[in-house]
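As written in TrEMBL, here are the features:
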BINDING   E5, D25, I27, D28  Mg(2+) binding site
Amino acid sequence: SFIGEESVAAGEGSILTDNPTWIIDPIDGTTNFVHRFPFVAVSIGFVVNKKMEFGIVYSCVEDKMYSARKGKGAFCNDQKLQVSGQEDITKSLLVTELGSNRDPETIKIILSNMERLLSIPIHG
């Protein structure tokens, strides 16, 4: 099966089944692309039985290929990536995405989550 982010965004329905499925977003960062902000990527995922098996993200501007496979780790241009191990959230950098849904209830939830995060002394 195949699910394309741009067709779903255009209103076409999609149902994730247990079938092997490619999920592709050819312009991940569409808003950035539209506004000529140079941070866009091509994102590809492969799912079997509704579980992600592997994913690839190509950051076009940076010329970096990120890849990860279930049980095999994550890589950037073939170099293994490691998490920092930082457990103290006050020493972490938090980044968020607001998403494109402007439904009032969704906005309320997002802002509530942001308020909780901003009450912690974080970097962001």
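Cβ atoms are placed via backbone N, Cα and C, with glycine included.
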Sequence-distant neighbours of E5 (Mg(2+) binding site) in its chain (C-beta under 8 A, six or more apart):
I23, I24, D25, P26, D28, S43
Enter the number of other CB atoms within 10 angstroms of the CB of D28 (Mg(2+) binding site).
19
